[in-house]
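As recorded in Swiss-Prot, the features of this protein are as follows:
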- M41, G190: substrate binding site (BINDING)
- K117, S163: ATP binding site (BINDING)
Amino acid sequence: MGSEVLKLLRDKKPLIHHITNVVTVNDCANVTLAIGALPVMAYAPEEVEEMVKNANALVLNIGTLSVEEVNTMIKAGKTANQHGVPVILDPVGAGATSLRTKSAKRIIEEVRVSVIKGNSAEISTLSGRTGKIRGVEAVEEEEDISDIAYDLAVKCGCVVAVSGKVDVITDGKKIAYVKNGHPMMGTITGTGCMLTSVVASFCAVAEDYFDGTLEAFVAFGIAGEKAAQNPKVEGPGSFKVAFFDEIYNLSPGVLASERKIDLIVKG
């Protein structure tokens, strides 16, 4: 499955329209290129409808948001819905401030989101519970996050993916636990945002958004493991360079052989 989707991604080179934050925009563009897709960053409300019509996936990331930008995201999201373009929402910092929480919930209410990807605190907040967050980072993982994510997936009718020590992905029917990854990935800012770009890249070509999201998490985690094993890596700076190289050099064979996942099918 993963081999097929990665090959398809690199053959088709899907266009990924980002409305994302100013902190990580360059990294998101570069990781999209590295995995094999094409990034475009278009924010102007006057052009987002036209741009998203030509895209194969849309990323909505509220990391550095304003009310005006949220309005633009919703405008783009509704157009994506009309044209069958998957919408990937990264509710960065939901739970940290009322603006972020209300904005994320508003997007979910007004746009048919395909995938919600966040940390445990963000996903808990969107489910109506209280997540422990500091700034935009979860400071403590929820013990029952798989149940919380499952319930949110059922409620919203979409895939919910939670990044953490063990990643959790569910569509309300199946739950996958991904154990690929490395602690070094948490030493650089933007890995979560970059993961969202990779999720969008896979979902742009996958027939099923659960499968696309799962393969993206596996690919991202394997790249992190391999980068951390590079003898030239001495800290966050060299790790980041090695990580981009590993994303670029991922092969279908490695993706198939080095995955660490547990899959549960709900009754």
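Cβ atoms here come from the backbone N, Cα and C positions, even for glycine.
G190 (substrate binding site) sits 13 Å from S163 (ATP binding site), taking the CA atoms of both as reference points. Distance from the CA of M41 (substrate binding site) to the CA of S163 (ATP binding site) is 24 Å. With respect to their backbone Cα atoms, M41 (substrate binding site) and K117 (ATP binding site) stand 19 Å from each other. A coil conformation is recorded for G190 (substrate binding site) in the three-state DSSP classification, outside any helix or strand. Proximity of K117 (ATP binding site) to non-local residues of its own chain (separation of 6 or more, Cβ distance below 8 Å) is seen for I88, L89, D90, V160, A161, V162, S163, G192, L195, T196, V199, T213, given in sequence order. Under the three-state DSSP scheme, S163 (ATP binding site) falls in the strand class. Put plainly, the binding-site residues M41, S163, G190 were compared by Cβ crowding within 10 Å, and the winner is S163. In the three-state DSSP assignment, the secondary structure recorded for M41 (substrate binding site) is strand.
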